[in-house]
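To start, the structure itself, in structure tokens.
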Amino acid sequence: MATQSSAVIDSNDATRISRSDFPADFIMGTGSSAYQIEGGARDGGRGPSIWDTFTHRRPDMIRGGTNGDVAVDSYHLYKEDVNILKNLGLDAYRFSISWSRVLPGGRLSGGVNKEGINYYNNLIDGLLANGIKPFVTLFHWDVPQALEDEYGGFLSPRIVDDFCEYAELCFWEFGDRVKHWMTLNEPWTFSVHGYATGLYAPGRGRTSPEHVNHPTVQHRCSTVAPQCICSTGNPGTEPYWVTHHLLLAHAAAVELYKNKFQRGQEGQIGISHATQWMEPWDENSASDVEAAARALDFMLGWFMEPITSGDYPKSMKKFVGSRLPKFSPEQSKMLKGSYDFVGLNYYTASYVTNASTNSSGSNNFSYNTDIHVTYETDRNGVPIGPQSGSDWLLIYPEGIRKILVYTKKTYNVPLIYVTENGVDDVKNTNLTLSEARKDSMRLKYLQDHIFNVRQAMNDGVNVKGYFAWSLLDNFEWGEGYGVRFGIIHIDYNDNFARYPKDSAVWLMNSFHKNISKLPAVKRSIREDDEEQVSSKRLRK
């Protein structure tokens, strides 16, 4: 088996990349998130989250006016999903827990939903029984609506204690079997698109002509999405306070896990960040080089610098000034080193050029304009990469290698997982089932990016695993069901029947591992097993 330092792969043929090119303990997996796949919005005692409220109150912000009420019904079809994962033969499955499914009121005093606990116990037990490691995210943007109504969710420091209470419940109920935890998924996306652009729940922010002229970097949102016309919120302050409280909640949960659970449960805990590679538009321009570095600071450094040094990046202090919150000495100490591993989610890259200073008055301050950069998709008419199904996602495989090396060198991170990486295509209802399963663009995307992950490892980055996004076609936030990210095709017209795409078959053939059943600790109320997976759903 190849070792991290010795593997040699054909630099001209990413199609031949396989498990043999990676260390024996390298983890290959795929992922999902609760709101995007579960459905069952009103089933089993689940309480509403801010995404339930947002999609119902502002259907104009979602393509087709759709929502995640049913999603792809994994709440009821999770056994099929486990069987699909078994057939794929990968090592791990990354999923998130719906905070309001286990705590409908957001905290213990509002009651623990035993049906929600049982659902996740059954999912975890099913994964382990088939040799699949669960990687669990605690927060994937779905704040319980009860806490949003009570004090504004992550706008308030009160969220820190409630998040810790929720995390402790999860550690206690599931930590005997879950050995890899992530506190937060893409807190950047939650802060910026929830509180600056207003495109995501809870839909706070403000759009002015200046913000339109200097848009934020596109990540998981279309440039042709509806402009947020709400008047609530302050995009020049709220994203920074929300991030401040996210970071404090993360650090407090990590401290709790390390002090009370890690020794007995022998697990690890980390955080997953949104990333893009920022390429200077003019590599010979000092201002563009500086702008690219600043763009990385405002996206990745905003979160990485506090958990490595205990403070925000210097560039953010300079350009945001007094609107950037400050950590107390105690908070800085708690933040510094608050991770066992770091997850990076990578999809695309941008060209970056320096932008002029905001001079239109304090009323127009926004995260978008604070960065003082302009994002470009092309250089002299040549795109940075081919277009995918979404206008924000241009394919640039070299970027994943560059961002991994950058993260290692800049923050000296000892252990990294690629926790999301994938590409979408447009949902085309005119395709036959056979045609819809031929996803050549995704297949090439995965091959090229996994190849570049291996190259980053050769560069000295300790990458311990890779998770393709996503297992299933699903509810893709502002895009609704208009695009497909899954390696498994969902037939929305046939009770969410699941069919493997070519990319899934390639992953199975290239990264299948001979797995043995691992004993699952069955602490849950088991469901009846009479419901069998239909052969139709699993035919290849």
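Just so it is clear, glycine is given a Cβ too, placed from its N, Cα and C backbone atoms.
The active site, proton donor annotation in Swiss-Prot covers Glu186.
Positions annotated as active site, nucleophile by Swiss-Prot: Glu420. For Glu420 (active site, nucleophile), the same-chain residues that are 6 or more apart in sequence and have a Cβ closer than 8 Å to its Cβ are Gly31, Ser272, Gly343, Asn345, Tyr346, Tyr347, Phe467, Trp469, Ser470. In the three-state DSSP scheme, Glu420 (active site, nucleophile) falls into the strand class.
Sequence annotations record features per position, and here Swiss-Prot assigns beta-D-glucoside binding site to Gln36, His140, Asn185, Glu186, Tyr347, Glu420, Trp469, Glu476, Trp477, Phe485.
Swiss-Prot lists Cys221-Cys230 with the feature disulfide bond.
Following the DSSP three-state reduction, the secondary structure of Ser390 (site 'Directs the conformation of W-392') is coil. Marked as site 'Directs the conformation of W-392' by Swiss-Prot: Ser390.
The site 'Controls the gate shape and acceptance of substrates' feature in Swiss-Prot is assigned to Trp392.
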DSSP state at Trp477 (beta-D-glucoside binding site), helix/strand/coil: helix
Minimum Cα separation from Trp392 (site 'Controls the gate shape and acceptance of substrates'), reported as the residue among recorded positions Gln36, Asn185, Glu186 that achieves it: Glu186
Distance [Cα-Cα, Å, rounded] between Trp477 (beta-D-glucoside binding site) and Ser390 (site 'Directs the conformation of W-392'): 12
